[in-house]
Amino acid sequence: MSLTSTATDTAKIITVNAARIDAVMAIQFKDDMREQAGDGPARVILDLSAVEFIDSSGLGAIVAAMKQLGSERKLDLAGLTPSVEKVFRLTRMDTVFNLFGSLDDAISTEAADPSE
Amino acid sequence: MSGKHTGFTHGFAATEHDTRGALAEIMMRLRIIGVPDEQAGGVEIAVTEAVNNIVEHAYRDVDRGSIMIRAGVTGNVLRVLLVDEGAELPGAELPAGRPANIDTALDDLPEGGFGWFMIRTLTRDIRYRRWRGRNHLRLQFDLIPTVG
């Protein structure tokens, strides 16, 4: 799986360079996320704009990635395509994560903390 | 097209790897037989979860199982039949597919158990039958006709 990351002063941005996060990808995704998000700013933004499809394994892997960050850090999701957003909405995981329409939206609202 | 029946059958090996290519092929053929783009996403999620369940559970102890998918559109109804020769569903019954509990502390959030709930939510009807050593799972979807 291909993840790339960049860091701003306040957030680490991790981009998923794959069209699917599915049963084939899920374990690799978890490992790669652990590597990419192991340290750095408290806020991690996962850019999902290239991802056209996730299944329940992929959703589970994203939840696992958030848990790995611990309670002091958080994982925000940006650029969800319609099918990906559907999975989050169906499972109500859209209430657990902060979802942003685009990476720009996520970056420009970086001061806000909706969890408080 | 309305009222007419179109369909296809597609068989593939029940491995994670073959499944991915097969699902891409199946989604392409579903569009050809009349599943509109706006609904293809929901159908893809339900069919993928059903296939994942077969690979991960029915064929858990089998190296080389196979899956046969038959899909057909009649009028505004899409029917997808999945047949496998793996283990029977526990209790020979469809799982209830309750929503996973997400009102928990961070550490207790579920990382699985979403599949059957999504299948049930995305389909109009779902039937399961064990027949002659095979599992038959029948998913039915309402297709909303597109204008024009």
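Using N, Cα and C of the backbone, Cβ positions are placed for all residues, glycine too.
Bear in mind that TrEMBL entries carry predicted annotations, made automatically and left uncurated.
According to TrEMBL, the protein has these features:
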- A:21-110: domain 'STAS' (DOMAIN)
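Residues of the domain 'STAS' (A:21-110) grouped by DSSP class, helix first, strand second and coil last, total 43 helix, 16 strand, 31 coil. Mean pLDDT for the domain 'STAS' (A:21-110) in this predicted model: 94.
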